[in-house]
Structures are given as C-alpha cells and as structure tokens.
Amino acid sequence: MEITVKAPRGIQTPDPQQTFAEGGWPQQLLDAVTRAGYTSPTPIQAQSWPIALQGYDLISVAKTGSGKTVGYLFPGIMHIRARANGPRPVGPTVAVLAPTRELATQIQEETAKFGRAIGMFSVCLYGGAPKGMQLRELRSGPQIAIATPGRLNDFLESGAVNLGSATYVVLDEADRMLDMGFEPQIRKILARAPPARQARSISHWSPCDPTLFFTATWPKAVVRVATAILTNPIQVNIGDTDSLVANKDISQVIEVCGGFQKQQRLMEVLRNPPAQPLKAIVFCSTKRMCDQIGRSMGGMGAVIHGDKEQRERDYIINQFKSGRVPVLVATDVAARGLDIKEVNLVVNFDFPNQIEDYVHRIGRTGRAGNKGHAHSFIEPGEGNMARKLIPILRDAGQTVSPEIQEMATRGGGGGGGGRGRGGGGGFRGGGGGGFRGGGSSYGGGGGYSGGGYGGGGTGGYANGGGNSGYGGGGSYGGY
C-alpha cells in the first residue's frame, strides 16, 4: 500500500507509531484496545497519531474502513487529559463533525467504548430526533461532542452549546459533508471556535490546537475548503488519492440486467451468497423501491431510508448488526459512514448515478482487511456509467466482461436479461443479451449469434437456456 506524507516547508514530519505501546496511551485505554481485539494500528492510525498529538493540523486522505475514527479519537482523548488542570471548560473540548446521523451514532459508539474506559463522556447531536434528551446530555458536561452540522448549528444559535473550549476539531468524511452542501454550516461552526485557533497566521505560527480533516477523496472542492480552514497542515495519503479507487479486497461482479428480472436475480444472489452467514446491504435509488424490495423479502430484510423515524432507524440498524436480520435494504443515506462489521456482500440493485457513489457503496464490505463481495446490476441503457466503471474495475484487478465493454463503446447495450458475469445486456444483442444472442449464459443466450456456438442446452459456456456453467442461471453471479 502506497503511503505518502506531505509537510509544509520547515516542518519535520513525526515518525509513525507502529505499535500501540509507542503512543504513551494510558493503561486503561490499552486495556480497552485489548478487549476490542485490536492488535496493531492501521496505516492511517500509525501516521495520524503523532501528527495530531504534536498539535499539527492534519489532512488525512484514506478509503472508508481504514480505522480513521480511532485515528483521531485517541489523540483527542490525550488532548482532553492535557487540559485537565487548565481553566474550567465552557463546553466540550473535542468536537467531531459528521455528515449523517448514522455516522455520528457510530462514532459515538466507538467513542463510548474507549472514552468511558478512562472516565470521559461524549454526546451525540443529530437531527431527526427530539432535542430534549440531547440537551440534557449536553448539560451533563461531556468532554466530546459528536454532531451533524445542522443540529450543532441549531444548538449554537440557541445558546445550548458553547464551542469556546473546543480546541480539538475533527471533520470526518469532509468530502461527503461538502457534497451535501454543509460548507456554510461548517464555516459557522468553526467561527465559534476559540479565538486563538482563528488568529493563527502562516508567518507567526507554531503547533497548537489542531483541526483534523478526514476525507476519502481529494477533489478540487475539498482542497479549496481544506486550504481555507487549516493552517500549515500535514497531509497523509493512504493509497492512490489522485483517482477514484475501489478496495482491492472486494470482488466485483457486474451483471447487465433490467426490468422485473432484477428482482428475481436479486433473490437468487441472496439465496446463494459468496459467504456464510449472509450479511448483505442492498442499495436502491429510491425510497419506494427500498420499500418494495423489503416487502418482497419478508422477514429476511429490513429497510432504512430518510422517511424512517430515528428510533425506527436505530432499531433496524441494531437488528442488522446483531445478525437477527441478514439483509439491510437502503438508499444512499447509508452508503457512507455506516460501519458495520462482517458485511460480506453489497448489492447495487439500482446502479448509482455517480461513479463515486458506486465506490462508496461497495466500500461497506471488505473493511479492516477482510474480503468482501459486491454484485451490481446495471441496465442496458446505462452505457455512460459502464464507461466510467471500466477503469475502476481494471485498477482493482477485476474482470471487465464483453457486455460492459460493448455498453461503454456504444453508450448502451442490448436486451435486458442475461445472467453471467456481465449478465445480459448483449454484445450487439437484443432480447436477452449474449453474444448477439438471447438467453442467460455467459453474456446470454443461444450461443454466438443466437444459436450455434453453445447451442440451446441447459448449461455450460454460452448455452442457451443456461441454468449452470459460467454465466448459467442459478449460481452466484453466474460462475
């Protein structure tokens, strides 16, 4: 894995901490690390810890599932301890901003696990839930506040929270927050930070109270905001950050399939999962489709989207985390920030409109060094997305099927129904896909040019009725 560290001129980059023992963490925290089953720091943790501990602003560019929460949480805990004998704080010392309530609640869970081990407490502030309970928790004096930008701004404007003591600020999934239009709220929040933070200048500067900026991508819009709000940051890149890259630990199957056949194929994929026990997330583009798919699954699946009440969303996520429900059907509200262990399959029932969302969605599996699987349905008319998908597949060492190649070249595909790797859009095919054929084997039906090569049997390479073989009917992804 490529790791690059860029520091401004005149700043010596701290050496990474390769073991937990090197960090000088309190014993209670190390005991909690052992209980959590962590054996060694991830690359982003090893690089981020010494930078944050020395008070430098940090830009961390790394894929989701890289362990970034602990990467900023542990130095934040030490930052609080270092100020224990200083002036009494007027509010939380550490402020963590997150784009969604799902990510905020998961950060809260991780923070509670380690913070309580050393007597530190946190509050989680997000919209869609009653303010009363959150206000009561704020009044209890938590050292750490985890919040979505909208709800935190509401509390700031009402005077319910004071960031005058927030000397350690984290923007988690900053790129996602900017995509969602939160830049004005972020700037308002940072304007409430201690004056010493705002007054830092490039010419008269020394490390002090850090702002940490974590992002999975590094487009120009993110660069612009990071440049505006950070002072002399050290930048850590884990992996390739110049282009959109999918996790190589995820096997990707792309199936050309449309219409009503997608629902049938979805159930076949879920009944023949790549790993057991099944723990899958199915992404749909609309709330209505999520509800429809959820109903068709019965007790096998649960649905989460923006119309669900927060209490119901929390209940559903807990059911999925515990394994009582093996399939979570979701809109993109859960595409990023939903960090659930042991998800072994992601299905894109509807292919996303942005290729970045594809990478973010499949990133829900294959986390923390585990292997993952992604099965995506792409419709014959989505040639533009097929064109953008090809470099993602190649960079990750995945096979690009003839159907996807043809769709990318022509801006579309053939008919709707194949089943193999690449499925049924057709290599010049109409009807059911295939090498100009129709049916459902490798690329579709009755062989090359629709009858001949492979004929019309019930299995095998390019067989017409295709119930087995490479691309045949009932197997996972047509293998």
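Every residue, even glycine, has its Cβ placed from backbone N, Cα and C.
Residues or ranges marked as compositional bias 'Gly residues' in TrEMBL: 410-432. Positions annotated as domain 'Helicase ATP-binding' by TrEMBL: 49-236. Here TrEMBL flags 261-408 as domain 'Helicase C-terminal'. For 18-46, the entry in TrEMBL reads motif 'Q motif'.
Within the same chain, residues 1, 3, 53, 60, 62, 66-68, 70-71, 74, 77-78, 81, 113-114, 117-118, 236, 238, 368 sit at least 6 positions outside the motif 'Q motif' (18-46) and bring their C-beta atoms closer than 8 Å to a C-beta of that stretch.
Across the domain 'Helicase C-terminal' (261-408), DSSP assigns 69 helix, 23 strand, 56 coil.
For the motif 'Q motif' (18-46), the DSSP-based tally of helix, strand and coil residues reads 18 helix, 0 strand, 11 coil. Averaged across the domain 'Helicase C-terminal' (261-408), pLDDT in this predicted model comes to 91.
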